[in-house]
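The structure under discussion appears below in the form of structure tokens.
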């Protein structure tokens with residue numbers, strides 16, 4: 001097995017395969033033990049690799065992760081960006097090659113400054129802290145791409161009960177720590193004092209997760225609300241066609257009116273009204289006149305234009321409330337290339353993918369109030385926003401109910417929409433709140449405070465999902481403290497590992513010289 005730890009392509013290929021295993025641990029495959037195996041193989045491959053070899057090994061892991069887990073990017077570029085097959089393939093490959101470097105630098109840092117092969121327990125703790133820091137960096141750098149976090153694999157796994165304590169971050173930390181400890185067990189067997197501590201650290205997260213899986217951190221704040229979530233299933237290539245506008249507006253109106261039984265909340269998906277709000281005022285006023293006497297609130301996605309202090313127009317991806325409710329929400333976390341184009345002065349006009357409809361949105365302000373419907377506070381997330389754990393927690397902590405609307409037609413029949421759904425489920429579990437998820441073509445679903453889907457519609461079907469959700473009160477530990485305790489722990493562990501490694505390098509002796 002020395003070929004795994006030595007520099008060279010055999011170990012790099014194994015790292016590539018290890019990265020490819022991580023998406024298989026998540027939706028729609030949900031083979032959660034593969035997440036543990038993936039991280040164990042990565043740690044084993046980095047345990048003795050010199051810095052340069054570790055850098056390439058980390059890059060191979062990242063490429064395997066994204067090549068399998070984000071293959072749906074090709075569909076967005078080819079099918080809806082009007083790029084030719086070779087160009088779409090080239091752009092997708094280039095993006096994956098670039099994203100893989102997220103893992104290259106941490107692997108180099110690990111080998112160069114943090115690793116201590118003579119202290120397997122401390123080494124495992126430092127590896128878990130570095131993994132946590134890496135996931136945080138991936139969700140922040142250049143607005144972030146917080147996809148495929150290891151912790152999502154545990155939504156149906158034994159560690160799920162930890163999510164209300166520390167969010168998906170705590171699950172990822174526990175997985176990385178467990179993987180490293182399992183790899184180091186043979187070495188720990190020769191160190192009885194360290195072995196005892198390692199066994200406690202190995203078993204405690206899994207036992208705690210199982211024990212807390214059904215614990216209710218929040219409580220109902222009122223009676224259940226009847227919900228109608230409308231899935232219009234409008235084809236993406238027709239959505240922004242002006243000739244299809246009237247048909248789409250009639251479609252959502254008719255789907256809403258088709259059932260005589262009263263409901264409390266009606267939710268339409270992202271940009272269900274595919275024209276600027278100012279041009280849809282009469283239509284929205286008609287919805288308001290219908291909903292208000294029936295004590296119904298209707299929430300829909302719609303593009304919104306506002307002017308800044310200089311009088312310049314700014315366009316936003318928004319949600320408005322009609323009927324018995326109030327509020328307007330402007331999306332804050334924008335999708336690169338889908339809602340704004342980085343370096344647009346250079347990229348605009350090169351290919352159709354850089355000129356998609358509604359790809360010039362502005363970012364909404366950070367201090368927006370929540371939406372209000374039937375007297376309840378609703379935390380809104382438009383599409384991509386629900387994948388940001390800290391951002392979502394900030395809104396959820398002020399809310400009684402969670403709402404996410406999306407248009408996942410960009411991803412076709414790939415695994416992307418199912419990954420997106422899984423992340424929404426994790427947000428509900430972290431917050432201990434019900435979530436309404438309404439999409440254009442699926443998956444439209446109702447999610448309970450334990451992250452379980454109670455009702456759902458099939459993808460690519462025009463239908464209305466009827467069900468009930470309950471407003472909740474109280475804060476989970478994660479909503480109260482967010483990721484700050486874990487971030488502090490990671491800083492302490494990484495600082496300790498760095499200081500120990502520097503002291504080790506500074507100390508004279510043949511063992512130190514050999515490690516150099």
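The backbone N, Cα and C atoms fix where each Cβ goes, glycine too.
Swiss-Prot tags one of the stretches 90-110, 216-236 as transmembrane segment, and that stretch is 90-110. A straight line from the CA of residue 383 (active site, nucleophile) to the CA of residue 270 (active site, proton acceptor) spans 7 Å.
Each residue in the domain 'CN hydrolase' (230-471) has a pLDDT score, and their mean in this model is 92.
Long-range contacts of the transmembrane segment (90-110) within its own chain (CB-CB distance under 8 A, at least 6 residues past either end) are made by residues 19, 46, 51-52, 54-63, 65-67, 70-71, 73-74, 77, 83, 126-127, 130, 133-134, 137-138, 141, 145, 353. For residue 331 (active site) paired with residue 270 (active site, proton acceptor), the C-alpha to C-alpha distance reads 11 Å. Same-chain residues lying 6 or more positions outside the transmembrane segment (479-499) and placing a CB less than 8 Å from one of its CB atoms are 113-114, 116, 122-123, 125-126, 128-130, 132-133, 136, 166-167, 169-170, 173, 389-390, 393-394, 396-397, 430-432.
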